[in-house]
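Participant: One structure, pasted below without further comment.
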Amino acid sequence: MQDIQLDKRLSELLSQAVTPQNAQPLMQALCQSLNEHNIRYYVDDAPSITDSEYDRLMQRLKQLEAEYPQFVAADSPTQRVGGMALAKFEQITHLKPMLSLDNAFDEADFSAFHKRVSDRVGEVSFCCEPKLDGLAVSILYRNGVLERAATRGDGTVGEDITENVKTIKSIPLKLRGDNYPELVEVRGEAFMPKAAFEALNERARLKDEKLFVNPRNAAAGSLRQLDSKITASRALSFYAYALGVVEPTSHELAKTHYEQLQQLKSWGLPVSSEIKVCDELSQVFAYYQDILTRRADLPFEIDGVVMKVNDIAQQQTLGFVAKSPRWAIAYKFPAQEEMTLLEGVDFQVGRTGAVTPVARLKPVFVGGVTVSNATLHNADEIERLGVMVGDTVIIRRAGDVIPQIVAIVPERRPEDAKAIAFPQHCPVCGSLVERLEGEAVTRCSGGLFCEAQRKEAIKHFASRKALDIDGMGDKIVEQLIDKELVQSPADLFKLTASMMTMLDRMGMKSATNLAQAIEAAKTTTLPRFLYALGIREVGEATAANLATHFGSLEALRVATIEQLIQVEDIGEVVAQHVAHFFAQPHNLEVIDALITAGVNWPTIAAPSADEQPLKGQTWVLTGTLNQLNRNDAKAQLQALGAKVAGSVSKNTDCLVAGEAAGSKLAKAQELGVKVIGEDELLALLANS
């Protein structure tokens with residue numbers, strides 16, 4: 001109740017015009033709110049607002065303090081770094097304060113920072129690095145041996161997490177070599193990689209335990225475990241980003257920040273491979289855009305990039321203000337999480353009959369776009385979140401990922417909030433819905449009787465990766481079904497140009513072009529045909545593996561589950577889906593109707609070992625290929641027996657690097673994976 005009253009009071013004050021009379025109570029309310037959110041974020045590991053909303057409140061307080069300096073409070077969050085040491089850990093006073101960074105939110109902000117710096121010290125270069133979304137850590141080495149580790153805490157006093165830090169495998173217990181100082185403090189970020197975060201939450205989900213909202217909370221919670229065995233099980237990582245205290249001070253250190261990071265690396269400390277020195281302002285902005293573009297593909301969460309004056313002498317000249325260095329700034333990305341209101345829930349039916357709840361949201365700008373809908377996945381997810389209509393929810397949108405609700409803000413729940421009821425009947429056709437034992441998804445039982453499944457199945461059949469009917473977009477498919485011109489995939493091949501002129505905004509010329517595209521699509525490949533059928537969990541790669549293994553549709557139709565499991569990358573679940581599909585009479589009728597309509601493909605000869613020289617190898621494609629379509633390259637590699645993966649790992653045999661290859665290339669080089677260019681790939685394909 002106190003939280004609700006605090007938010008209500010703050011909202012009332014923020015809605016008023018600021019005057020000398022009400023400025024002080026507004027600033028006090030902002031301080032109180034921000035300090036409360038600091039405790040939730042740093043102490044409880046349970047934030048109730050997003051980073052972007054916190055930033056907005058902080059910016060508002062800074063503006064007011066600049067305008068009314070006489071009202072600046074001693075407990076204002078602008079007067080300290082932020083965060084508190086937990087009493088349950090031994091408290092450690094830092095040998096040198098661990099300060100935070102000022103923020104830039106756009107090019108104008110950074111340009112102003114650049115001008116302030118260059119006005120003081122002249123021409124500058126910047127060492128640029130990703131701003132990891134984890135927990136700042138100080139690690140003290142004495143005579144090369146890890147002696148102590150602490151959190152940043154409030155910047156002056158932190159928490160002793162030595163035993164927990166020792167469990168992070170990427171942190172050396174003893175420095176490499178012998179050219180390090182007698183005493184050296186290493187500062188960096190402890191974080192949880194995305195893959196480790198997903199695995200941690202999956203384990204929690206199976207045990208019906210509370211899930212972490214994001215990797216940052218998971219990392220913070222893991223480092224604050226009293227039992228270091230729990231920390232050890234959490235697969236944390238660490239990147240060093242600066243030197244702290246060094247004794248003796250006479251020890252020779254590198255003269256630039258970038259070179260000091262390389263020194264740290266030479267001592268055995270992990271340093272990000274994404275660090276780059278930029279000499280021009282335009283290079284800084286290009287670096288920012290490059291990292292922003294690749295943000296979703298990076299193996300760790302970041303919320304911006306950090307720009308530091310590279311020359312150490314210039315850093316010393318610039319010095320510090322009360323809570324941050326003058327020589328560094330965090331250039332923040334657009335927020336990936338925002339808070340908004342859940343106004344209602346709709347239920348959509350997909351091509352496989354899956355009934356998916358979709359949240360209707362009060363529109364909010366997040367991840368670079370305005371979001372008004374978000375997936376709720378299934379009934380289990382609704383129950384896990386405890387979400388109700390009317391709740392204030394936290395929305396996350398990362399890269400091209402569909403926006404989703406990751407948490408609710410329980411203290412903002414209104415009294416008239418309504419529970420979300422899953423329908424008992426299909427919202428499209430009225431058929432009963434069913435949920436099979438062991439499955440999370442609820443499905444409509446109507447099959448092709450259900451218009452939604454019919455529409456989505458035919459859209460999928462005509463899509464680019466399936467039969468690739470040029471010009472057959474979603475809206476045209478919907479019209480064809482609405483006007484009862486098409487009831488099944490085979491009906492597409494009965495369409496004539498004159499029939500399609502019945503569609504909205506479809507003249508004879510466009511109809512003729514579409515009719516020709518339909519005719520051309522009759523000649524396809526067996527992998528595309530199998531993918532087009534929409535068999536559950538059979539994507540492009542699985543369809544290609546099935547076609548390669550069995551060689552013909554006839555052989556696949558009669559394959560047993562035991563035979564299907566022999567196919568590369570097919571387990572028992574997918575094998576059951578495939579066998580079940582071909583056991584259904586109505587599916588066989590659809591296939592026969594398509595073949596009768598003239599759909600055909602060249603015969604695939606069962607490959608010999610000589611024809612699959614890449615069998616057992618894992619390949620990855622990255623960058624832009626100029627002479628070969630990415631999907632064609634993937635298909636040809638698969639035909640040679642290769643598995644084509646989406647990410648580089650120690651199990652990768654070869655990376656094909658096209659133009660503008662980014663993090664995958666760097667990862668491959670780091671792991672010693674073989675790298676070839678497009679010309680070498682073309683030569684390989686030509687000779688195989």
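The backbone N, Cα and C atoms fix where each Cβ goes, and this holds for glycine too.
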Participant: Given that Swiss-Prot annotates Asp51, Ser52, Glu53, Tyr54, Asp55, Ser100, Leu101, Arg152, Glu189, Lys308, Lys332 as NAD(+)-binding, name the residue from Glu123, Glu129, Glu209, Glu280 that shares the site.
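Facilitator: As annotated by Swiss-Prot, Asp51, Ser52, Glu53, Tyr54, Asp55, Ser100, Leu101, Arg152, Glu189, Lys308, Lys332 share the NAD(+) site with Glu129, chosen from Glu123, Glu129, Glu209, Glu280.
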Participant: For the domain 'BRCT' (609-688), what is the mean per-residue pLDDT, to the nearest integer?
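Facilitator: Mean pLDDT for the domain 'BRCT' (609-688): 85.
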Participant: Round to the nearest Å and give the CA-to-CA distance linking Asp51 (NAD(+) binding site) with Cys426 (Zn(2+) binding site).
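Facilitator: On Cα coordinates alone, these residues lie 39 Å apart.
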Participant: Please name the residue among the binding-site residues Leu101, Cys426 whose C-beta has the most neighbouring C-beta atoms within 10 angstroms.
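Facilitator: Counting Cβ neighbours within 10 Å, the top one is Cys426.
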Participant: Taking only the Cα atoms, work out how far Cys429 (Zn(2+) binding site) lies from Glu53 (NAD(+) binding site), in Å, as a whole number.
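Facilitator: Pair distance, Cα basis, whole Å: 42 Å.
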Participant: State the count of C-beta atoms found within 10 angstroms of the C-beta of Cys450 (Zn(2+) binding site), not counting that atom itself.
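Facilitator: For Cys450 (Zn(2+) binding site), the 10 Å Cβ neighbour count is 22.
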Participant: Non-local Cβ contacts of Glu53 (NAD(+) binding site) (under 8 Å, 6 or more apart, same chain)?
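Facilitator: Listed in sequence order: Glu338, Met339.
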Participant: Rounded to the nearest Å, what's the C-alpha distance separating Cys426 (Zn(2+) binding site) and Asp55 (NAD(+) binding site)? Just drop the number here, would you?
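Facilitator: With the alpha carbons as reference points, the distance is 43 Å.
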Participant: Identify, among the binding-site residues Cys429, Cys444, the residue whose Cβ has the fewest other Cβ atoms within 10 Å in this structure.
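Facilitator: So among Cys429, Cys444, the binding-site residues given, the one with the fewest Cβ atoms within 10 Å is Cys429.
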